[in-house]
Amino acid sequence: MNKLYIGNLSENVSPTDLESLFKESKIPFTGQFLVKSGYAFVDCPDETWAMKAIDTLSGKVELHGKVIEVEHSVPKRQRSRKLQIRNIPPHLQWEVLDSLLAQYGTVENCEQVNTESETAVVNVTYANKEHARQGLEKLNGYQLENYSLKVTYIPDEMATPQAPSQQLQQQPQQQHPQGRRGFGQRGPARQGSPGAAARPKPQTEVPLRMLVPTQFVGAIIGKEGATIRNITKQTQSKIDIHRKENAGAAEKPITIHSTPEGCSAACKIIMEIMQKEAQDTKFTEEIPLKILAHNNFVGRLIGKEGRNLKKIEQDTDTKITISPLQDLTLYNPERTITVKGSIEPCAKAEEEIMKKIRESYENDIAAMNLQAHLIPGLNLNALGLFPSSSSGMPPPSVGVPSPTSSTSYPPFGQQPESETVHLFIPALAVGAIIGKQGQHIKQLSRFAGASIKIAPAEGPDAKLRMVIITGPPEAQFKAQGRIYGKLKEENFFGPKEEVKLETHIKVPSYAAGRVIGKGGKTVNELQNLTSAEVVVPRDQTPDENDEVVVKITGHFYASQLAQRKIQEILAQVRRQQQQQQKTVQSGQPQPRRK
């Protein structure tokens, strides 16, 4: 994506004019400017410089009386499903952007691009060409919080004609696009890379992300990069110092890719370098260790009533604080964990903190691998559940045996059945879920592809309200996930408290015994597998549809897994009934159950 199209050119513009413009703007280019009637093409050294040219010149520079437009040059055959959206308000919530994009079709992937501009840039992959075309037409020039969006095609490698054998190899890659929110990434591997689908990927590592005061960045890099090279060699790590991010900011992020031991060793060396530089420059303020962690993992790091964090503080003799949820924006899905103490205790605290974060990540990967098998085709990375600094969720087949290999999926082309789930939320949270004039619940419904209704309160003193969600499994996953997230964002659960909600699903009364199992065996296995509390209340009177309630209580992943496993049991019961009916109709004797 380093080839540029320069449009809206005057007839008088020459290659020399464009060369001078790029040189004045300090944007390097390779080769010659190919000037046609009213437009031109040129190559930049890499994608970063191409983005810089677009940010600096497009719509901002006049040449021979005309304001030029600069965008990625995309061959017609590759103008398919991928768009780049620029000039997004920097403090826009993901939820708003998601709902806007979803109005024009199914979004498979949405990833932020690092730029030096104040506004945000994302690359979006729609499910098909028509959705992308509508998105381009409707969103280009769209006014969002006084910012005018700029939308262009970017090359879709998967649109390039291929041999049938190549297409077969690459289909799994399409189903598992790279991580959705690419904060701090240098860009994912191309989805069309030869052999990418056939070659197994290594287990994804969780890098260590630090914040360091800007004045110490030079000392960490060293003369001509000597110090940083020495650190990487000593610790067998790859270290990225994001100097261009947040120009003028007092702190800069550093990403360390290595084994847990390598990350910790590099972190300790960096702390020692900063301390020495502070002494040499008579810098008297305390320099705490600041670790960046994706918000999804912070609740588990803190633990119930803050127990995990208190234990780390006591064991390492440090003082640890975590930035508030309100600081999270489109640019920043990470919380800052500040550790105060001398170098040795801080280094020990880093090890314990990252150990907890890695455990949470691995647990989520395991849970989501199971989820991916239970909801075929579900694009988990598109929901933003994983930290951007990792490469997203690996395909379920990589290194993890399918725990549900016997699951029967709907026939090809058949839509998954709609389900109804009752989710109970704090009564005080109803306003936040509905939003001003119902805007939030409408956006959520569109994004998830589900019907979402709030049931009337059971009484004036009711502490809980029931949210009725109707839709297929993927819609349930999206809608429930967003509701869990909204409750945490709006502080209906404390900063040291994990969001656990009660969910009710109805099952036919004749199938309740299958959910419970002999002597409660099935329900106990369900609870062990999912970490959710699953209860089928005894002595229930079936409703008018001959159904009874199964109650599930747990955090989001636990609840989702329990719901999927119960639906799987119900599907098995239905299949057996259908088989028995066919057998009865054909007059054949029924096979004896073992």
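Every residue, even glycine, has its Cβ placed from backbone N, Cα and C.
According to Swiss-Prot, the protein carries these features:
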type     : residues : note
DOMAIN   : 2-75     : domain 'RRM 1'
DOMAIN   : 81-156   : domain 'RRM 2'
COMPBIAS : 161-177  : compositional bias 'Low complexity'
REGION   : 161-206  : region 'Disordered'
DOMAIN   : 205-270  : domain 'KH 1'
DOMAIN   : 286-353  : domain 'KH 2'
REGION   : 392-415  : region 'Disordered'
COMPBIAS : 399-411  : compositional bias 'Low complexity'
DOMAIN   : 418-483  : domain 'KH 3'
DOMAIN   : 500-566  : domain 'KH 4'
Winner by Cβ pairs under 8 Å against the domain 'RRM 1' (2-75), considering only 81-156, 205-270, 286-353, 418-483, 500-566: 81-156
Recorded stretch that, among 205-270, 286-353, 418-483, 500-566, has the most CB pairs under 8 Å to the domain 'RRM 2' (81-156): 286-353
Taken over the domain 'RRM 2' (81-156), the model's mean pLDDT: 83
Tally of DSSP helical, extended and coil residues in the domain 'KH 4' (500-566): 32 helix, 19 strand, 16 coil
Recorded stretches the domain 'KH 3' (418-483) and the domain 'KH 2' (286-353) touching, at least 3 CB pairs under 8 Å: no
Summary of DSSP states over the domain 'RRM 2' (81-156), given as helix, strand and coil counts: 20 helix, 29 strand, 27 coil
Secondary structure content, the domain 'RRM 1' (2-75) (per DSSP, counts of residues): 21 helix, 23 strand, 30 coil
